[in-house]
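Engineer: Sharing a structure, written as structure tokens. Questions coming.
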Amino acid sequence: MTDATHNTARSASITFGQFLPWLVSALFLLVMPLIFPSNAALTIMNQMAITIVFALAYNMLLGQGGMLSFGHAVYMGMGGFMAMHIMNWIEFHELPIPLPVLPLLAGLFALGLAMIIGSFSTRKAGTVFAMISLGVGELIAACSVIIVAFFGGEEGVSGDRTYGLPFFGIEFIRQIEVYYLTAAWLMISAVLMYLWSRTPLGRMANAVRDNPERAEFLGYSARWVRFYSFCASGFFAGIAGGLFAINYEIVTEENLNLAQSGMILLVTFLGGAGFFFGPIIGAILFTLLQTVLSLQTEIWQLYLGILFVATVMYFPGGLAGLLMMHTIPLRLGKLHLLFVPYLKMLGPALLCVAGFVGVFEIVFHIRNAAPGDTEMTLFWITFDSHDVLPLAVSIIAALAGFWLARRVVPELSAAWTAANTPDTERLI
Amino acid sequence: MNAPDAPALELAGLRKSFGKTEIIRGVDLTIARGERHAIIGPNGAGKSTLFNLITGRYVPTSGSVYLNGQDVSGLAPYKINRLGLSRSFQITNIFPRMTVFENVRCSLLWSKGYRYSFWHMVGRSRDLTEATDAILEQINLTARRDLPAGVLSYAEQRALEIGITMAGGANVIMLDEPTAGMSHSETEYIVNLIRDVTEGKTLVMVEHDMSVVFGLADRISVLVYGEIIATGTPEEVRADPRVQEAYLGAALEAEH
Amino acid sequence: MRKTTRFGLSAALALCIGASAAFAENIKIAFIDPLSGPFAATGTDGLHQYEFAAEELVNKKGGVLGGKKFEIVPFDNKISPKESLIQLQVAIDQGIRFIAQGNSSGVANALTDAIKKHNKRNPDKRVLFLNYSAVDPALTNDKCNFWHFRFDANADIKMDALTDVIAQKPEIKKVYIIGQDYSFGKAVAAAAVKFLGQKRPDIEIVGNELHPIGKVKDFTPYARKIISSGADAVITGNWGSDMVGLGKAILENGFKGPLYTYYAASTGITAAFGEAGKGSLKLVGEGQINPPPNDRADAYATAFKAKYPDDDLGQPRIANVIEMLAKAIEQAGTDTDMVAIAKALEGMEHDSIWGGKVWMRPQDHQAIQNVHIFAHTDGVKHDFDNSGYGLLVESTVEMAGKDSPTTCKMKRP
Amino acid sequence: MDLVLINLIDGLVTGLLLFMLSAGLTLIFSMMGVLNFAHASFYMLGAYFAYQISTYLGFWMGLLIAPLLVGVLGALVERYGLRRVHQYGHVPELIFTFGLALLIEEAVQFVWGRDRVPYEIPEVLEFTAFTVSGFAIPAYKVFMLFISVAIFILLLWFLTRTRVGLVIQAALSYPRTVEALGHNVPLVFMGVFGVGTALAGVAGVIAGPVLSTFPGMAFVLGSIVFVTIVIGGLGSLSGALVASLLIGWLTTFAKSYNVRAEDLLNAIGISTPENLDESLWRDLWTITSPQIADILPYILMVLILVFRPHGLFGKRDA
């Protein structure tokens, strides 16, 4: 990249602007374990990191390539299985392969698989691609219980990451060591995937997503562009699988079944498929919901389902899209116009959500708790779930919140329009 | 292999059927290098189908298409494009979610030799950036450089489309109704643009607006019911009684 | 976005710390099983049985070690091995040293492996694994380890007992074996073939097959095949909806002989079979509830039903887990030295509330106990699913599998 | 070989049941270009609604009312959900129906719990209709057959004899022309979605008692319905029928006969390796047809999509 030095001032500043978030992220990853040193926190953060890598890989398809896959867990899972087998082989044959390169090998294996599957599945985008991915996903998931030699049946394959051979004195016994390994791979993968999106192929993936036909008339075969994106996505998914194997030291059928594939679609879409950092938000949010919300309520999946459907219907850009909607007001320096309406909206919206949560939780408690056990705690208030009052309060809160929120809508949308239009008043 | 003396485009006995209906019924046409050629004809004559046959969107039922002397019939569009033919579309066909700059840059990538590269950074190539900016300058969209293409006005989008079409440096440019749906001033602007950017290149266009056709084209072919009934200079075609009978008279009347 | 992370994580951690600070005196048992998703019913049932047993059998009697109470801390593993390992880590971080799990041998395999590694890597924070339900024979054979104790009879032992009973029925001449296509289904089939071959070589095995787990919509074709094979009895290790689907299809299409099962009871299955299952449906398992073996068991079952009318005592061994653990802690005189507690559990002989003895075989940490063949019938004292139907002991094999071989090479610390 | 006849009957029942689902899905896809991922969820709702109604009014009222409720719900989903998402394009539409499937499953668990519900065959039909060489055919199976055929004829009549039917037919072959005909397209869309989901509802009502009514029933059937219409050819009703029957018979026969992979491989001249236990491919040799019966449709679908992307009878690409 010798011509980098010849860049205009403008693109140089972009380069620094682009560099800064990565630096901050890296520092952030370094510091996190100092703030949350417990093993459980490290485990959760590892889980987040793995989900981020997987979601970013998935978004190379969905967001950047416009390909909807219902079976992408296959590549992560297969990478994980391979990593597990390699781990065991290394231990058995005492091969001099250090643990940190394992994700790379897993990625390469997934890449090989993606090349085979992609050779026929990427011929068409859209529904055909989605259906083939579904079919292949189901097939491999079904095989995983039949072909025990590779998949180990429903018990999966397990191994021991501490197979000797310390890597610069690190044996990966402690969780913190695994955390830094995972974090390092997260940074490497994320940077590579970001850079990928800046390459000619990455740009053409966007072009093919938007308008495959036009791309064809620019000299690019839409199919080959899709194929390369697909392979790259498979590779990074495989890396996520390798990291999974190192973290949990076990890989099972659940790593490649349809539920897992659906999960990553949900994560990516919730975060926002349209932006590079969308899946990162999605992965963090989802892992938190999964680990924290599921401790709080049994019906967390119901909330997740509602959240997902609402996102598809009202915020197809996901959370990232929601955030990025504010760049225009920010650029116009009019973000402050939105503060007051947002605050006004916040109260009723929270009231409405809390009301609905109350209704759901109370009804669920009445139906599922042990008889006689009528005491329940919600929002730090303990009350009798069979009493009419709490239910009535919840319903009223939900309806009132909804009604109040509706009343703020005109003001909010007016403010939104104002914040998005450049100043003209001064001219008058 | 490019034969240096071969015509830019040659159609020989080209036919296309959809089911039982034959839309193109044996078209023979030779277009010389550097020529500006217009194809006109009444609605449903098969102009767009002919376009799609030449550019590889459809596979001909029989007959051949030669680009610079090379048989390209039945090749995929991207292969035909790589051999030096580029086209625009009747309905604006750009990448609406990408910026204007990126639209043009994408259309430069293949011809600049980047192919399916994933080891170059597009932002790092000064050559690419400069070439892109030069084209933006040429199509007068420099001011819109960083806007998403989808938010441009209709005329701007058409200009962008023409920019994308010629950016790759193809020597045969095919434009499908470049001025469709435009006001008079917009049309004038686009016609001038086309004249500028296709300087020294072979241009083939389908157009309804007769003032555009007669203003731009060196030669005109008239397509009626899947056959070419006349080819010649604007004057020849205008004078051809068959053309007047079949098409031109009615069209000219409608025009004024 | 980063603020969110920190806030969320600190909330999660505050929660954990809060939970552990509140009951510092209690001996906590992490219950890691599905509490949401399709298997939540089974998991919740188990949780209630644990909570009831801890309260009834330990806490009401003054606890252990002079007043320490048992506390069951539920963790939802969504029946996923991965999620189980996360929850295990959370539980260990909270200072919990006893892990109870039962649903799915896949999860049990993951946990026993993880616990083995954890105990090796963290000798100061060792934990014990109380497996109350996962019956994959491997757990007490090739994959056995010092920290794992199984309180249910494993699949082989159950089959041993079941074939003892079949051997005494001369009218059974043809047997059909069918199961889900995974390790447990295969283990059941292999054991059935082995034991029938030993005990009744004259019995013809007219079918031995596996079907995809959880994927079969309509079992009619299987039922047709089974009936046309002329089988006198069917053996299956199916559970959940595969059990209901297979059983109902077989009975609906005219099968009259006995249908020997492992898991055809409770969590809706008993209700689903109802009258149709009477006379045919049999189940092999431990823990005699009907007829009640003694007044204590009767009272225990009645009290459980009074507290949890929608749940069943589907896993009576949970009472043994709690009682034996309490005993071991008393004997060891500590609730933190896992080696001492494990040594106390090893070889322990315990008089079960359900009658008979439970012996924790030291060679492989497999509980040896009476195994019964139950009949699905009505008119029992303690029914399942409030359906009027329940399990009645038909025959009993005393201390089943007492001398069964094991490949376990126990490594003791 | 008496098993053949009985399998033909069993397979027919399965196939026709599948057709009731795939017909609705095909109609919806043809009209709106949306592959409704949540289609099987409406089938599940049919079963649950019917169960709930049957506890108050008996089975027959359930059969009558539940599909109507499902249809109305489907129409509402189209009106207030899908139509909104439509503007974002096809991929978000597919994702929306996927999310809907998740949500419906969760909602069903919330309302009816996680266990199966005791939705049973009505007592009137609990007898053996007839026996074919020793195999009992339950009366309920005959009833299912009867309902499926009746629905099929009704659908045929609707499509060929009514005005709306003709519009829909036109849409099947020429998706873009309907709008040009000046019909109230949004209303037709809503109607088709309603009818399609109501058909799924009927299937749920009559299948619930035999295939058991539990929250996982949609998931078990869902992707198979997809596979059916992809194999048959997207947008082709006759294709959906053929594919449904094909899958019905294929899975039934595969389950009924123990075809071993080893025998097949030996038959084509590959001999069994000596040390099977040590071979990496050992599992391939021991596969039997019942083991893979329910994944055969997926294999078929992938093959079809690779070699004939528009399916058996389809005219359009998926």
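Placed from the backbone N, Cα and C atoms, the Cβ positions cover glycine too.
If you look up TrEMBL, you'll see A:12-36, A:42-61, A:73-90, A:102-121, A:128-151, A:178-196, A:227-251, A:263-289, A:301-325, A:345-366 marked as transmembrane segment.
For each feature listed, report its degree of burial, its nearest neighbours and the pertinent distances within the displayed model.
Structural biologist: For the transmembrane segment (A:42-61), same-chain residues at least 6 beyond its ends with a Cβ under 8 Å from one of its own Cβ atoms are 32-33, 36, 67-69, 72, 75-76, 175-176, 178-179, 182-183, 185-186, 189-190, 193, 196-197, 205, 229-230, 232-237, 239-240, 243-244, 247, 264-265, 267-268, 271, 273, 276, 278-280, 282-284, 286-287, 291.
A Cβ distance under 8 Å defines the sequence-distant neighbours of the transmembrane segment (A:73-90), meaning residues of its chain 6+ beyond its ends; these are 54, 57, 97, 99, 102-103, 105-107, 109-110, 113-114, 117, 136-137, 140-141, 144, 150-151, 156-161, 163, 233-234, 237-242, 244-246, 249-251, 255-258, 260-261, 263-264.
Remote same-chain partners of the transmembrane segment (A:128-151), defined as residues 6 or more beyond its termini with a Cβ less than 8 Å from a stretch Cβ, comprise 67-74, 77-78, 81, 85, 117, 120-122, 157, 226, 253, 256-258, 261.
A Cβ distance under 8 Å defines the sequence-distant neighbours of the transmembrane segment (A:263-289), meaning residues of its chain 6+ beyond its ends; these are 44, 47-48, 51-52, 54-56, 58-59, 62-63, 68-70, 72-73, 190, 193-194, 197, 300, 304, 307-308, 311-312, 317-324.
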Engineer: Checking distant contacts: for the transmembrane segment (A:345-366), what same-chain residues at least six beyond its ends satisfy Cβ-Cβ under 8 A?
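Structural biologist: 297-299, 302-303, 376, 378-379, 385-386, 390-391, 393-405, 407-408, 412.
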